Amino acid sequence: MKTKHYWVISLLAVLAVGPGLMSNTALSSVQGLVQKTVGTSVFTSVNPILIGNMAFALLVPAGPLLRKKFGARPVYLASLPVFILGSLLIACSGDIALMAAGRFLQGAATGVMLMIMIPMLVLSFPIERRNYALLVLIGGFYGSVIIGTILGTIATSCGHWRWLFFIFGTLSLIGVAVSYFFLHDEHHGAADQEQPLDRAGILLSVFLAAASAVSFIFLQKWGLSSGYVWIGFGVTLCLLIGLLIVEYKVKNPFISIKLMLLPKPVLGLLIIAAGTITVAVSLSAFQGLLRQMYDISQEHLILLSLTLLIGVAIAAILSALLYDKVGPGMLGIIGGLILVFVNFQWLHIQDRSSLYMFAALFIMLAAGTGLTVAAGLMGAAMGGPLPDLVKRMTAVQFLRLFVYMGVPILIGFFTKKDAARQSGSVQDSMMTAYHDLFFISFILSVLLVCLSFCMNATGMGHKLAHKPHDKAKTAPEKPAVSAQGLSKATVKSYKVINDTEYRNALRNLQK
């Protein structure tokens with residue numbers, strides 16, 4: 001693919017995926033406003049969030065397939081208008097059904113673009129600057145998640161939320177305009193012999209996503225005492241096991257489970273999942289604590305939320321500078337230890353803590369999470385033979401998003417149930433519930449450190465960037481081979497990626 005400049009591709013990547021990430025976290029922050037405006041209950045107001053997450057996870061594996069068939073430019077120019085339509089539906093919605101439809105369109109468009117843009121982004125950087133891709137992945141993608149939280153806080157403060165989705169739609173419209181001029185057609189596989197579509201895998205994935213969504217809806221409505229909830233989760237578990245078995249055995253799977261069954265991809269998946277859940281739990285508890293317990297003003301809460309961007313910037317810069325020097329394992333250890341410290345401080349926070357203390361904890365939370373996400377993301381991507389990189393990473397992203405799909409609902413459900421079990425005043429009950437959330441986040445942080453130590457024990461793995469003359473100093477280049485039938489010793493022997501091999505590997509799905 002021809003590009004004008006790698007920073008243009010970076011901009012296109014952020015405009016393709018960022019608005020969807022912003023929309024998800026912003027909508028979670030303005031649930032109270034949505035309930036007042038649309039006239040819905042707490043139960044139904046979270047359904048659009050769940051449906052959007054479901055569509056996001058479900059459509060991730062479709063991105064590489066659509067790119068292979070049609071090319072990146074047509075898919076880009078088709079997906080972003082779908083996202084714009086979804087944003088307009090939400091912004092103009094008068095009932096929860098339209099909001100759910102809008103979130104489905106947003107999630108589907110973002111899911112399709114995720115695994116199209118990540119390989120394109122990494123491929124666009126020259127070999128000696130490839131570590132800059134982490135600057136965009138963490139600063140742009142993870143930063144979009146944080147910006148969504150900040151915008152949601154601002155919307156809550158001013159009492160209006162619809163303008164958020166006009167902004168998200170406008171960002172996607174800018175992406176369409178930029179892609180029209182700078183994203184060119186590429187060679188794709190339409191003329192080649194097409195491999196048979198994995199219909200069984202696609203159907204099982206759809207059924208799995210639907211069963212998961214229904215189960216979480218039942219949980220929100222009836223709680224764990226209902227038999228329907230347990231039946232739903234039982235069906236979901238059976239479908240998940242069936243999907244893993246089918247995708248492991250099929251020749252051309254929709255989700256390449258077999259290719260990610262290596263130490264680094266598995267550990268990377270667990271690290272990303274634990275890291276994203278940790279920050280979701282911590283932010284939810286801390287913002288609720290500040291609003292309800294400390295009676296902090298909305299202006300101060302917005303300023304505190306803005307400090308999260310400082311942590312994102314720190315994480316992006318450190319990830320880009322340190323990944324090739326220390327490897328994903330050590331990067332994850334550093335981030336995990338920061339999160340352990342932050343959650344330990346929140347467990348023992350004093351009633352008279354200053355705003356400066358809160359700001360420092362916010363910065364450290366964002367920085368620690370960013371480092372762990374970088375470690376898990378790149379550790380999983382680079383943790384196996386290169387020809388299977390995109391397929392392996394697609395499987396990791398699908399499973400990560402599937403695990404995260406119901407987290408917002410679980411956080412809300414746990415907080416309300418935990419507070420209801422407590423005796424005493426409402427304020428004391430909520431304080432105990434938030435304290436329990438901090439404890440859960442602390443346990444997850446400790447788990448992150450342990451997983452990162454395991455990642456570090458597997459070795460540094462591939463480097464992202466190196467000088468062109470470095471490849472002459474390395475061992476003779478091995479032929480690009482698939483992970484199937486590859487010994488562990490051979491997999492670990494890859495250290496520096498030859499530029500030609502790297503680019504051919506990332507283009508593997510387009511041929």
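Cβ atoms are placed via backbone N, Cα and C, with glycine included.
Residues 34, 48-49, 52-53, 56, 76, 79-80, 83, 87, 90, 103, 106-107, 109-110, 113-114, 116-118, 120-121, 124, 136, 140-141, 143-149, 151-152, 155, 164-165, 168-169, 171-172, 174-175, 178-179, 182-183 of the same chain lie 6 or more positions beyond the ends of the transmembrane segment (7-27) yet place their CB under 8 Å from a CB of it. For 7-27 (among others), the entry in Swiss-Prot reads transmembrane segment, with the evidence type sequence analysis.
Feature annotation from Swiss-Prot assigns transmembrane segment to 46-66 (among others); the stated evidence is sequence analysis.
Annotation source Swiss-Prot lists transmembrane segment at 80-100 (among others), citing sequence analysis.
What Swiss-Prot records for 134-154 (among others) is transmembrane segment.
Per Swiss-Prot, transmembrane segment is recorded for 163-183 (among others), and the stated evidence type is sequence analysis. Tertiary proximity for the transmembrane segment (163-183) is limited to same-chain residues at least six positions away from its ends with a CB under 8 Å from its CB atoms, namely 3-4, 8, 11-12, 15-16, 18-20, 22-23, 26-27, 30, 72-73, 76-77, 80-81, 83-84, 87-88, 90-91, 102, 106, 151-152, 155.
Under the heading transmembrane segment, Swiss-Prot lists 200-220 (among others), citing sequence analysis as support.
Same-chain residues lying 6+ beyond the ends of the transmembrane segment (226-246) with a Cβ under 8 Å from its Cβ atoms: 200-201, 204-205, 207-208, 211-212, 214-215, 218-219, 253, 255, 257. Summarising the annotation, Swiss-Prot assigns transmembrane segment to 226-246 (among others).
Positions annotated as transmembrane segment by Swiss-Prot, on the basis of sequence analysis: 266-286 (among others).
The feature transmembrane segment is assigned by Swiss-Prot to 301-321 (among others), with sequence analysis given as support.
Look at Swiss-Prot and you will find 329-349 (among others) tagged as transmembrane segment. Among residues of the same chain six or more beyond the transmembrane segment (329-349), those with a C-beta under 8 A of the stretch's C-beta atoms are 271, 275, 278, 282, 285-286, 315, 318-319, 322-323, 361, 364-365, 367-376, 379, 435, 438-439, 441-442, 445-446, 448-449, 451-458, 460.
Using a Cβ-Cβ cut-off under 8 Å and counting only residues 6 or more beyond its ends in the same chain, the transmembrane segment (357-377) has close neighbours at 134, 137-138, 142, 146, 267-276, 278-279, 282-283, 286, 290, 303-305, 307-312, 314-316, 318-319, 323, 328-329, 331-332, 334-339, 341-342, 345-346, 448, 452, 455. Residues or ranges marked as transmembrane segment in Swiss-Prot (evidence: sequence analysis): 357-377 (among others).
Annotated transmembrane segment per Swiss-Prot: 394-414 (among others), in sequence order.
What Swiss-Prot records for 465-486 is region 'Disordered'.
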Tertiary contacts of the transmembrane segment (134-154) (same chain, 6+ residues out, Cβ under 8 Å): 10, 13-14, 17-19, 21-30, 118, 121, 161, 164, 167, 283, 287, 298, 301-302, 305-306, 308-309, 312-313, 315-317, 319-320, 323, 366, 369-370, 373-374, 377-378, 464
Selected stretch (most C-beta pairs under 8 A with the transmembrane segment (46-66)) from 200-220, 266-286, 301-321, 394-414: 394-414
Long-range environment of the transmembrane segment (200-220) - Cβ separation under 8 angstroms, sequence gap at least 6: 43, 46-47, 50-51, 54-55, 57-58, 61, 226, 228-229, 232-233, 235-236, 239-240, 242-243, 246-247, 250, 253-255, 398, 402, 405-406, 409-410, 412-413
Contacting positions for the transmembrane segment (301-321) when only residues 6+ beyond its ends and CB under 8 Å are counted: 131-132, 134-135, 138-139, 142-143, 146-147, 149-150, 153-154, 157, 287, 290-291, 331, 334-335, 355, 358-359, 362-371, 373-374
